[in-house]
Amino acid sequence: MRKDVTPMMRQYLNIKDKHKDAILFFRVGSFYEMFFDDALEGSKLLGLTLTKRENVPMCGVPCHTSKDYIKKLILLDKKVAICEQGLQTDPKGPLEREVVEVISPGVVIDEDFLQDDINNYLIAISDYKDYYSFSYIDLSTSRLGIILYEGNFLEKLRRDIEKYSPKEIIVSEDFYYEYLEKLALDRFLVNKIPHWHFDKEIAMKSLKEHFNVLSLSALGFKEDEPYYVSSFLIIDYIKNNLKNLLINIDTIHINNDSEYMFLDDVTQINLELVKNNNDLTSCYSLYSVLNDCKTPMGKRLLREYILNPLLDIVAINNRLDHVEFLNNNINLSMKLRDILSNVWDIERIISRLQMKKYVKKDFLLIKESLTAFFLAKRLLNEHSFSYWIFDVNDENNIREIYSLIDCSISKEPDELIQHGYNFEIDRLREIKNNASKYVDDYLNFERNFSKISSLKIRRINVRGLFFEVTKSYYGQVPSHFIESQTLNSVKRYKTNKLIELERDINDAEDNLLALEQEVFDDIASKIVKHSVVIKKIANFFAYVDVVSDFAYLAKKNEYVRPTLTNNKEIILECSRHPVVEHYMKGVEAFTKNSVKIDNDKYFCLITGPNMAGKSTYLRQTALVVLMGHIGSFVPANQAIIGITDKIFCRIGASDNISKGESTFLVEMNETANILRNATQNSLIIMDEVGRGTSTNDGLAIAYSIVEYILEHIQARSLFATHFHELSAIKHDSFVNLSMKIERQGDELIFLREVEEKPSLNSYGIYVARIAGIPLKVIERANVILKSLTSREHLYVPEFFTSATLVINDGEEAMKEDLSYELELNDYLELKNFISKIDVNNITPFQAMNLLSEIILKTKT
């Protein structure tokens, strides 16, 4: 440290040294100042003017507007350390200063920094002693959870990072560098903790102290299996950065992985469950279609349901029963949704109360939400709705909370505590509000007593209140008047009564603020004692919101209740893609398609041209199956769905430049994951596997994958391909499907309907033509196609000579499709020739020659 720095700058450098990874907001008077590198970075990110003092770069923001600047930095994934100033304990030194909190993207609780429909997660990953675990917390809702990894660690971790989309991650330094590329950790704000900080004994002690338990078994852990280290990392991080904001974390939820369908990260992305792959917003996702929830808690729960489909038929049917009840009683559902629209985010509000970060509005919003609770209770009781999670004691506590807020918190904008709740507050407020009246009353009393008609009471800051008497009345001044100042034409006086009155008025203002805050804090502490029941209300509202939303959408979109079974089957009659149908509404009618997969016929190969609807058919099947598992009605006329332990969706791929992986390698990695982890109870969706390499290589790989799924995994599968040769496979569980096409003259009409037969042509040249490929290229492609189709053994390479392949099946259909393609190309060539004839600029003789040429072309 430089020896010539000022005491304040030395103080700054000492504090900054403890918060190297944060931008330090250093309080100086009414500003937060930034210095050195923080000033350089802060001025650039916040658009502030950069200045210098004694060659030290600096910039600052006013304290009263600092929230806006902090928000900007948080949105840019920066940490902000807030350093406040206190008293000057050393006359020769600077004011006392300390960091009161470190605000970072993963631990924000201010509603202005949050989205109401998305949880804001901080996660910690621990690999201590090879006990892998993943802990997560949304501090704004106080929910801390942990997932224990006992196998397939990396696949599950990828899944959960995608599922929780954390704002911030805590890992060991060793873990970070080992898995940086495998998990693409550089996408996130990562806190790298020294490996020595990972200690089982310290973790146990810290968790026991925080949760006030004698043994971690009370939290559901075995102390000799230190999975809990990841939860310790979160508790320790919050404790060090947010001081006293741990009170709201009162339990750890241990997730049971086996209760939920496995959706790996690739499947979540490819099915666009909660965000699209274009701008990563929720628009055009399944969530955007299903989200017509009325409450923030309901929106967040819906997102959780979509990412965690249930596997237990009883639990699914319980949820479906509630949806069906509300669907059959749609008037009840609509009234309930009206009530829910008056419910506020009490899950986050009660967390703010627990962390002592509340404002008056929070109490009024709780009260308004409790009013909605009583209305909802009465409505549901009238219709005998079966879902109720409260006992008599809960209901008494809820009424107590409502009564407390109703009688204590003022609705008036300039008052905190309601009149009548506290006598002393009423007295002080009455003095404050009527100060001028008291002064006027006393002035009138002294005027009458002294007979001085011009007597006045004035006030100046340095002297306070005083009487003012002009020269002509000096002789009438009462004896109890105490002279305080003489001017040219007037004298100023005080009285003991005036001094007492002034003191009462001044004290009333100061004491009122302090007493109101004291009483306000007391009310908050009384409500916090009932935080468990308030969180219960939040959970109740969230669930009722989601099931009433499902009921409303089922009625609106003509969804049906699915039947869940333990059989290996997916039978969907006239199913639709929920997202495509939603966004096409009013533009084009969606083409319905059926799906029939059972224990005997479980592998469907789908062929046909691009643009015909193969990918839509694949995705809609997966989405309908998933919707059934979350307890929603589904877009179909009938749906029978066998419980599906995992959905794998390999559709589309792009290269990963940062990892040096080509599109083909990415595709093979995804395929390898499916083949390693799928079971016979899974659903596999694969599209165009084998592209990106040579035709023979791709065909060989695709065939081998189909064979492996059929013979070894035996999972329900939909496999779309342009390798038409695969349609000749013969297997008892193999079904050929294709996209129906209608020919109208020289045009192809894609009907987007699925039929049970192979398509042996992709009509690629036709698709290229309507896409606008230059005609010269199209003509050349036709020539090359004729050459290729004249070769022998084009469609059946030598390695397809096994007994599982039937070469002759579909050969006639193949020839028919090829013949049509060639005829279409000849027609287009002739059409192009005729269209170039300029009839206004040819002689009769030239016309005869052209006609002869046209006749010759039609014959050949």
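Heads up, the Cβ atoms here are built off N, Cα and C, so glycines get one too.
The following features are taken from Swiss-Prot:
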{"type": "BINDING", "residues": "GLY608, PRO609, ASN610, MET611, ALA612, GLY613, LYS614, SER615", "note": "ATP binding site"}
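Each of MET739, PHE750, ARG752 belongs to the same chain as GLY608, PRO609, ASN610, MET611, ALA612, GLY613, LYS614, SER615, is absent from that list, and has a C-beta within 8 angstroms of the C-beta centroid marking the ATP site. Secondary structure at MET611 (ATP binding site), as computed by DSSP, is coil.
Counting Cβ atoms from all protein chains shown, PRO609 (ATP binding site) has 20 others lying within 10 Å of its own Cβ.
Counted within 10 Å of its Cβ, the other Cβ atoms near MET611 (ATP binding site) come to 16, all protein chains included.
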